Amino acid sequence: MTDRVTVGNLRVSPVLYDFINNEALPGTDIDPDTFWSGVDKIVADLTPKNQDLLARRDHLQAQIDKWHRARVIGGFEAEDYKQFLTEIGYLEPEPADFSVTTSGVDDEITTTAGPQLVVPILNARFALNAANARWGSLYDALYGTDVISDEDGAEAGSSYNKRRGDKVIAYARRFLDGAAPLASGSWTDITGLRIDDGAVSATLDDGGSVALADPQQFVGYHGEPDAPTAVLLANNGLHIEILIDADSPIGSTDKAGIKDVVLESAITTIMDFEDSVAAVDADDKVLAYRNWLGLNRGDLAEEVSKGGKTFTRVLNSDRTYRAPDGETELTLPGRSLLFVRNVGHLMTNDAIVVDDNGADGAEVPEGIQDALFTSLIGIHGLRSAGDDDTKNGPLLNSRTGSIYIVKPKMHGPDEVAFTCELFSRVEDVLGLPQNTIKVGIMDEERRTTLNLKACIKAAADRVVFINTGFLDRTGDEIHTSMEAGPMIRKGAMKSTDWIAAYENQNVDIGLETGLSGKAQIGKGMWAMTDLMADMVEQKIGQPKAGATTAWVPSPTAATLHAMHYHQVDVFAVQSELAGKRRSTLDQLLTIPLATELAWAPEEIREEVDNNCQSILGYVVRWIDAGVGCSKVPDIHDVALMEDRATLRISSQLLANWLRHGVITEEDVKTSLRRMAAVVDEQNAADPDFRPMASDPDNSIAFQAAQELILDGAAQPSGYTEPILHRRRREYKAASNVG
């Protein structure tokens, strides 16, 4: 790129430079020259530290590889392994007990347990939908998913099916019986609602009336006391809105005139710059930053076509109600509280390069760029200091003046400390008070898991979130022990002892370090986007395990998962778990090696085909369409939400089997060619899809998928980004894609 803007020792892409100066900086009172001078200084000071941390990863991995290669035949003793990891500094001393001191954190994080959406920032429509998913229709979520069965003529067709609707109403009434029970009887029996002397009164079939079992659950309403149009209830810190309109199509079929039950749903949302996006150059990054800016300024809008009509989707306003006394006004947030997930420490991006005597030098670490620019933009979502009004508009993000950044893929406490140093330097450049920028720690790398308490201590005054990520964590488990021997099959990983120990330890150490009431303790994604009945049955296990939040793939899933937090008082669970350590270091260090290679040839082929199909189905959309998060049908046509984490585990498992002779390179190539035809068929209805099977040698996507497996053992920590970014850039250049 020859037309870059020179800023000190940096050369900046003009599309980024213009965006920052003309769109992001106005309204922040930050002088452009001062800002860019600060960027230059941070890059100069912190890039060498970033590089040193990556070099340490490689050095530790080389030592571990060498140790395992010397023992791959005879095996090893657990104590010897532990001692070795301690000697090389992989295992660090656990710090003495402490409690985090994070302050200025919004209630959505500290005192509210509920679902968390993760959404790709490159898609403005998805981002708007997610931000607006703070409230969701339970009726719609039930009617449109398999939570309500099709039995007895209750199929969901092109027009409203009253039989299905009646099932939805009955389900919602049962939910209300559990979340906000009446003093006697059931919500199924009511024929109306009214407000009497500041309390809810439900009229019953027999003409009598009944109050709530706990009158304090009534917190607001719309309309008149004798004919409310909405009744607002609260349970376990979450709100339930009962909408009443006997003249509406649904309300007219309901003896109480209830037309919907609306649940407070996605309490928080992560706007993702990382695993769910394909951002490989300055143009991609600026699109992402611009969407983040629109969310923080409150002016992001997107034209949406639905049902033959086009409308503009914008961010929802806050919701107001009359308090039970009929006089006071109650205001509740209308939008999800937003985190932003930056990229990790590994990748660089050509949006900014070092000036090499007037030529383009090395690309600047992308994580440093993200920290600077997403934090700058985050200022637009903060309340002005000492002022009840907002600085740039009515749609706040944080009401306490914090910017929330999730930092992924950190390996150990030194990398967490580096992130905190970076955030501190960014605060200085932006003129923000220290610790304005909070950090969410993804516990998804093995060295972080094994040193989790030290990682939290390194961010004790910033941490607002720890979260397990089974897929990335398994990918790192495989890669770290790549030389130890062949691993078990992918599907068996979830039932291993180390996974259970990993999930338990995250909660236990979070509680031990004082996160309850100060920070989220989170758990992972439900990936089967169409199997909502299974999700409703199974995902309740996460709040029961002490997680104050867990990831969901859609607004609909957020509304359904919200029911679990009415059924489980997570903070009570945390009180019961406090003071326990349910896992041991030995369990966490148990490598998921196959104890004997007793797989039949058809089992091996099934595993290879499954993973090859998954890899191809995701990679082809990443490379050819620039889509980083896809609902990809698996080999059995079950739709799965795929991102780079799923790609990492699939490619690393096959790389491991290839390394140890379970499969051959020819097995991989043959399966990829066979599965390419399957993926082509699954995408046949997409007019923009480029088939792979007919000419795999000239399909960049196919070649990327093959490279991810065949060269998987050599990838840093098993990450897929280096190959994906290079291949996506290759595709964009070959296809003249901007």
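Backbone N, Cα and C define each Cβ position, glycine as well.
Among the candidates SER159, SER265, SER276, SER516, the one that Swiss-Prot lists alongside VAL118, ARG125, PHE126, ARG313, PRO553 as binding acetyl-CoA is SER276.
For the binding-site residues GLU444, LEU471, ASP472, a Cα-Cα cutoff of 10 angstroms around SER276 (acetyl-CoA binding site) retains nothing. Using a 10 Å Cα-Cα cut-off around VAL118 (acetyl-CoA binding site), the recorded positions ARG341, PHE470, ASP472 reduce to ARG341. DSSP assigns ARG313 (acetyl-CoA binding site) to a strand segment in the three-state reduction. The record assigns VAL118, ARG125, PHE126, SER276, ARG313, PRO553 to the acetyl-CoA binding site, and the maximum Cα to Cα distance across that set is 22 Å. Summary for the recorded positions ARG313, ARG341: the Cβ-based neighbour count within 10 Å is maximal at ARG341. When Cα-Cα distances from PHE126 (acetyl-CoA binding site) are compared across the recorded positions ARG341, GLY469, CYS629, the shortest belongs to CYS629.
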